[in-house]
Every structure is written in C-alpha cells, then in structure tokens.
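Asks: Annotations per TrEMBL:
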TRANSMEM  78-102  transmembrane segment
TRANSMEM  108-131  transmembrane segment
TRANSMEM  152-173  transmembrane segment
TRANSMEM  185-203  transmembrane segment
TRANSMEM  215-231  transmembrane segment
TRANSMEM  251-272  transmembrane segment
TRANSMEM  284-307  transmembrane segment
TRANSMEM  327-355  transmembrane segment
TRANSMEM  376-399  transmembrane segment
TRANSMEM  411-430  transmembrane segment
TRANSMEM  451-476  transmembrane segment
TRANSMEM  488-508  transmembrane segment
Amino acid sequence: MSNTKFGLFDVEKSSSYGVSDDVHEANALERLSDDVPRSKFAKLWAIVEFLDNYGVEARGIERVPPDQRTQTSPLAPFWMWLAANMTISTFSIGCLGNSIFYLGLKDAALTIIFFNLLCTLPVAYFSTWGAKLGLRQLTLAKFSFGYFTSQFPIILNCIACVGWSVVNSIVGAQTLRAVSTTHQIPTAAAIVVIAIGTIMVSFMGYRVVHLYEKYAWVPVAIIFIIYLGQITRFTESDFGGSGTVEAGDIISFGATVAGFALGWTSLAADYTVRMPEDMSSVKIFFWTYLGLNLPLILVETLGAAAMTTFNQKTTWADAYAENSVGGLLGAGLAGPMGGFGSFLLVIMALSIIANNIPNMYSLALTFQNIHPYAQAIPRIFIVIIGSVVYIVLAIAGASHFEEWLETMLNILAYWLAIFSTILIEEHLIFRHGKWTNYNPEDFSDWRKLPLGVASFVALACGVAGAVLGMAQTWYIGVIGGMIGDPEFGGDIGFELAFAFSAIIYPPLRWIEKKYWGY
C-alpha cells in the first residue's frame, strides 16, 4: 500500500501483523505494507472504518495473524456446515434423483450416501488448512496454481458463488409462493426478501456468519422431521428403472450429488481462518465432515422420498408441477396443517439464507484474489454488488430452475475435482504435507509462487477428461455416451477430470519446480 493518507487513516505505520486485540481491523489493515492501493478507494475505506466500530468485518483476504485467532471451539465448523446444508436447496438435490434421473428411493438413497461420504472428504481436509495458515481458500490455491493460472479457479468460483445464489433464491421464492394459492407473493419480491436476509449477515462478516449458522439449522431440522411424518405413509421404495439404463442414471445422479458436496471445497478454509494454529486438524476434519454429511445425506434422502409420493398423492404431483420443490414442500405442510403449515413453509423458504450466506461472503473474498486493485475494494461493497447481480439473474431465470440446477451441479463437479486434486497433490507431494514449506506472505508475489504451467496443463487435461465423460442434455461425451442409455449416457465427467489431472500434474510440477525453483 502506498505511503499516503486516505479517509481517517494514517498509513505511515508499522507493517507488522502482530496487532493487539484492542486495535480495530480497519486500522490494522492500514499498518500493512502489502502494495494494495487502498488509497484509490479512500471514501469507501472511510465508511469501513466507521462500520468497524460496530463489529463489521474489515478484513478481506489479508492473512489473519496467529494472535488474532480467537475462535477456539472445534465445533464451529460443525454448526457452520450443518446449517448451510440444512436447507431446501439440499432437499431439491434429492428431488432430482427422480425428476431428472427416474430413480427409485432405494437407489437414490444409496447414491446419495456413497457420493456424499466420498466428495465431502476434500472439503473437510481443506477446512484444516485455514487454521494452519490463516489464509482463505482461493488465496491458498495460489500456492498450487501459481499467480496467473489461479485466475481460472478464481473466476470460476466467482461464477459458482453467484450461480448458487441464483438457484437457491429461485427455490426459496418457489417455496414462498407455495404459502398461499390465492394471494401469491411475486417471484421477484420473494427473491429480494431472501437476498436482503443474506446481505445482512454476509455484510457483517466472519463472526456473525458463524453466529447465525450456529442456530439457523434448529427450526429447519424440526420442520423437516414434521414433513417426514407427513410423507412417510405415501412413499414407494421400488419406483424406478432397471438394468444398464438405471446404471447410467445412478452415475449421472451421483455426479449431481458430487457437484453439490464438492461445491464447498473452494470455500472451506474461508471459515476456519480465525481458529488457532495449534487447533487439532483431526478435530477440525471430523466436525466438518460430520457437519456436512448429516444434513446432506438425511435431507437429500428426504427429497428423494418425497418424489415417490405422487402415485398415492396426485395433488402433490400437481403442486410440484406448479411450484416445483416449493410446491412439494407446501403440499406436505400447508396442505394438511393449514395456517400453521404455511408458517412452517415461510421458515423453510427463509432457510435459503443460511445456504446463500457462504456464497456471498466467499464471493467477496474470491474476487479480491484477482488483483491488488480488487483487494483494495472493501469486502462489504463486493457483497452488495454481488447480491444485486444474483438478484437480477434469479428473477430472469426463475422459470428454468431444474435445468439450471442440474447443469450447474455437474459443471461444478468437473472443475472442483480438478481444483481439489491439484491442491492436494501439491501439498502432499511437493510440500511434503508440512506447513513450514509455505510462506503465507508470498501469496501476492508471483515470483515466489509456482510458475503455473503444470497446473494450467493439468487443468486443461482435466477439462478434456470432463468433456469425454460428461452426459448433459446439451452434450454427451464419447465415453459418457457408452454408459447406460445411449440417448442420455452416464455422466462420469468428474471422475475422468480427477483422473486426468491427477496423472498429469506431478511430473509437470516436478519439472517446473526444478527449473523455476518454486
């Protein structure tokens, strides 16, 4: 940062990270000599300094120093991911097992269990990284991808955060509309209501995000239990296809489940950066893994079960046809329980906020990794701008929910499989799993990061594997078309993306490290 004054700050101060707890974060950032041109946005930072007095987080992707890691409970990531996934978005993933892939409850449930248990492993693993280095997930990615190649995952993650917020808001709006069959809230208004709740928490920052998520899951879990009691007697376990056709459907549905579970890998470390360096990695891993899988498996399976009720409850099928997932939830709650059920449905719709909060909070942190000028824009303003963008897109795409959701989930699975592979191989093979082999201060210095050629080629090869194995409505890959029904294929894009990048990266990285030095 240049040695000039802006706003209410005096930047001619020590560059030390060792700032005492009684100094506000905004002032602490001013002490950094990190070549971030915050003076270019002096008026915005003056606002940040004012808001800092009221608990709004000023810090962006700047490292959280060890003496400011005050989140000492190992249960924090458990509550975080329990709430973020105890939502109707998770429920909607289970619904896709039947609505898109025509699977019965038994096959859908087994697919949900297997792919979630597998694909949440890297999320739990990356959660341990935030505590060790005090850096955010996409900032950490620079130590594997290099400064320039890391722009690809950074941009993709920005798109993913906005995309998730779009589809989440749509399903939330559908649920709010299902509260009443006569005086329905306009879709646009419902989306804005959900967005306002998301902005309020994301705006405040890390501590408030964790505080909100610690309790947000409780009413939603109770309502899901009530809903389970309503649908149990109408479910059918043997509804679905058979043989090779069903095998292709199972694999494709598995890719969809994987996309949702892997979706948190690019955000994981963002929510552990304020945990102490000496916090047990085993504890962080375990509580993150449990916090993810409890809601993912149970709520997705509930969604799959709800889709098998239509033979006995044709009115529920009509409700689903009219308002999609929101209509299905409304049929089981507002239908039999009247006004009380409608009240429960409103709470369910607002549960989307817990899922959108990590997307908007991490969008700002991801965007700041693009360039020092992006880092100079205060986090809170990026949250607001990102929210406006996803509100507009959600209103425009409200009528294409299922198509958007299924396509986005699979694409996420493709690139996140590559992302996870490169980060894990770099850490275990080339940095020998030792945090002493990282210098956290180097994340913005391209000369002290990998050149990025190895990660770029591995990324390209991973994309090639995804193209060969994908089975989308708009394209079926050569290998994907050989599985199941030739007309629809079976999606093994994320498996091939993982395999191709995992094979290519190590030898190329060895060459790069030998001649580049980093």
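Sequential numbering from 1, following the chain as shown.
Just so it is clear, glycine is given a Cβ too, placed from its N, Cα and C backbone atoms.
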Asks: Using a Cβ distance cut-off of under 8 Å, indicate which of 327-355, 376-399, 411-430, 488-508 has the most pairs with the transmembrane segment (251-272).
Replies: 411-430
Asks: Can you see whether the transmembrane segment (327-355) and the transmembrane segment (488-508) are touching - at least 3 CB pairs under 8 angstroms, only pairs 6 or more apart in sequence?
Replies: no
Asks: Find the member of 108-131, 152-173, 185-203 that has more C-beta pairs under 8 Å to the transmembrane segment (284-307) than any other listed stretch.
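Replies: By Cβ pairs under 8 Å, 108-131 leads among 108-131, 152-173, 185-203.
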Asks: Do any residues of this chain, six or more beyond the ends of the transmembrane segment (376-399), have a C-beta under 8 angstroms from a C-beta of it, and if so which?
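Replies: 36-38, 40-41, 44-45, 47-48, 51, 56-60, 161-162, 165-167, 169-170, 173-174, 187-188, 191-192, 195, 198-199, 202-203, 205, 360-361, 363-365, 367-368.
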Asks: For the transmembrane segment (411-430), what are the same-chain contacts with Cβ under 8 Å, counting residues 6+ beyond its ends?
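Replies: Long-range Cβ neighbours of the transmembrane segment (411-430): 119, 122, 125-126, 140-141, 143-145, 153, 156, 160, 255-256, 258-260, 262-263, 265-266, 450, 455, 458-459, 462-463, 466, 470, 493-495, 497-498, 501-502, 505-506, 509-510, 513.
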Asks: Within the same chain, where does the transmembrane segment (152-173) have neighbours whose Cβ lies under 8 angstroms from its own Cβ atoms, ignoring anything closer than 6 residues to its ends? I mean 6 or more beyond.
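Replies: Tertiary neighbours of the transmembrane segment (152-173) are 87-89, 92, 138, 141, 145, 187, 190-191, 194-195, 198, 263, 266-267, 324-326, 349-352, 355-356, 359-360, 362-363, 366-367, 369-370, 386-387, 389-391, 393-394, 397-398, 401, 404-405, 408, 412, 415, 419, 456, 459.
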